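Participant: Please see the structure below; I have some questions.
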Amino acid sequence: MNKFDVVVVGGGHAGCEAAAAAARIGVKVALITLKPENLGEMPCNPAIGGRGKGHIVKEVDALDGLIGYIADQAGIHYKMLNHTKGPAVWGPRAQIDRALYKSAMYSTIMNYPNLTTIFASVEDIKVIANKVTAVIVNGKEIYCQKVILTTGTFLSGVIHRGKEQIKAGRLGENASYGLSNTLSELGLRLGRLKTGTPPRIDSRTIDYSKLEEQPGDLIPTPFSEITKKVLVPQIKCYITRTNEITHKIIKENLHLSAMYSGQIQGTGPRYCPSIEDKIIRFSHNASHQIFLEPEGLNSNTIYPNGISTSLPSDVQENMIRTIEGLENCKIIAYGYAIEYDYVDPRQLKHSLEVKSVGGLYLAGQINGTTGYEEAAGQGIMAGINAALAVKKQDPFILDRTDAYIGVMIDDLTNGIDEPYRMFTSRSEYRLSIRADNADQRLTPKAIDLGCVSQLRQEVFQKKLSKLNTLRDYVQSLTITPKQLQNCGYQISQNGIARTAFSLLGLPNFGINIVKDIYPELNRYDNNLLLLLTYESKYHVYLERQKEDIELFKQEETYQIPQDLNYDQIPSLSIEVREKLKQYQPETIRAAKHINGVTPSAIMAIIIFLKTKYLNSSITDKK
């Protein structure tokens, strides 16, 4: 076979989601990756989800993606983060058994309809008249209409450990230099980023009696709406800390760290700093927490989350043995930093297609993100849009009001200067785009696109029907303050009757109290009552937020034609014109985010567009 509609390069989290999404829409897809064992690889921490990240997993699942469902087949320690705060910022997270995850992903991808897997290296991309036509594998052309690059850290990757430098995409695997050259030759701006990983420890050499236990949630909350119950055995994690002796060893050897010797030029992740960064940036802290995370039920490998490092191996040995519980530990693999090329994501459309090269899409770390979840979110969007383009359909765009995926892509296309990680704080509309309502927000859109399985559609529609029925019922149940008092519950004596729905959201009430007042609610699914509780809690705020969303939508609908000649707008300065030509914003809102583009320049563009297009096509979606 040497002809496909879509070719996906790379079999990590972005690549698997991209390939599966395009295949679900019904086009012919090839996924090209080096080795079978690369499918679904988790090269860094053995965990999925977290604050903001867990929201993306739920959103990918709502679009019938893979990451959540596969994680539920491999999750060994579930924990809902931020549970003491409001439901909008709860972060579902799970430790993952690497072997189980890879096995489940391999089985899924290898048996996916419309998807062919090729184990090889892509040497080059063929572009004719600024459109992709093929990829080059083993000197031969594989023809295609669309290419999705999901190369992770493999673009000109270099591993650093002390003064040691190894050309690799990750430890033990060759980097890709040809594709970096190809992207440069296509005129794309590349940058350099860095990430890191800690040493791995043999669990049999740890003194657990000195450590703090960290149990998971008593009842695991699955990521996927398809998962009825998590069946994988659950285990504990453990916590220890660095100390002043640890910090002393690190400080004395900072000159040997690849990060601090000037050897690494790439920018590292602000929110996942190396242990060297931590003791310098947070020198006032006497210690730093380390989470000891098992890599699997049948694995002796422990991932010490919190001490990624690029120090030499001997320094890592000395450092780690100063930590309580790890005094006699055996290191299985040493930590390292990895530096790699990424493409400035301002060169992408919101569909993740490269503006200057038709049919070329980018997803994952190649766009400057960090994390499996961010990669999966981009992968599924790139896959959907590549397939829609093959079918000559409009792109599928999620904006900031729709999803965290929309927030991420909007942030990326407006430009980044460090590895991008998702947090709930990045969203202005987080009350509306919660993890618990991801399917209600996105699954109907996915059904319309045709990228949802029959099973997913049936599960969703059944749940939605039950939820709507229950919502109508609890809104029909009313009770006066006097009646509540007779039931033993105090509320403001203003004579206004409350519905059971409104009671669910009151601070001193909740499901159990409302069930006590209305025992007939005991026959309904408790999970559905929980969803209505969240709706009730945020009801007033959501009504207010609707106005903000309407304003956002108005601004977002002002499209800027790609062929607009900015030289025809006389009031724009030379600097503003140059920046607008460079970044080619698709909307007025995107233009506002370009550094140096002034409010007066924005107004000049709007006036020009209204005059030129007579108030019509500038509000038409492309």
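Using the three backbone atoms N, Cα and C, a Cβ is placed for every residue, glycine included.
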Participant: With GLY10, GLY11, GLY12, HIS13, ALA14, GLY15, VAL122, GLN365 listed by Swiss-Prot as binding FAD, identify the candidate in SER176, SER308, SER310 belonging to that site.
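Facilitator: Of the residues offered, the record points to SER176.
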Participant: Express the distance between the Cα positions of PHE282 (NAD(+) binding site) and GLN365 (FAD binding site) as a whole number of Å.
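Facilitator: With the alpha carbons as reference points, the distance is 27 Å.
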Participant: Excluding near sequence neighbours, so keeping only residues 6 or more apart in the same chain, what lies with its CB under 8 A of ARG270 (NAD(+) binding site)?
Facilitator: GLU418, PRO419, ARG421
Participant: Between ALA14, CYS272, which of the binding-site residues has its C-beta surrounded by the fewest other C-beta atoms within 10 Å?
Facilitator: CYS272
Participant: Under DSSP, is LYS278 (NAD(+) binding site) helix, strand or coil?
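Facilitator: Where LYS278 (NAD(+) binding site) sits, the three-state DSSP reduction gives helix.
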Participant: Rounded to whole angstrom, what's the largest C-alpha distance between any two of GLY10, GLY11, GLY12, HIS13, ALA14, GLY15, VAL122, SER176, GLN365, listed as binding FAD?
Facilitator: 18
Participant: Give the number of CB atoms, excluding that of ILE280 (NAD(+) binding site) itself, located within 10 Å of its CB.
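Facilitator: Other Cβ atoms found within 10 Å: 16.
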Participant: Using a 10 Å radius around its CB, how many other CB atoms surround GLY10 (FAD binding site)?
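Facilitator: For GLY10 (FAD binding site), the 10 Å Cβ neighbour count is 30.
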Participant: Expressed to the nearest Å, what is the distance separating GLN365 (FAD binding site) and LYS278 (NAD(+) binding site) at their Cα atoms?
Facilitator: 23
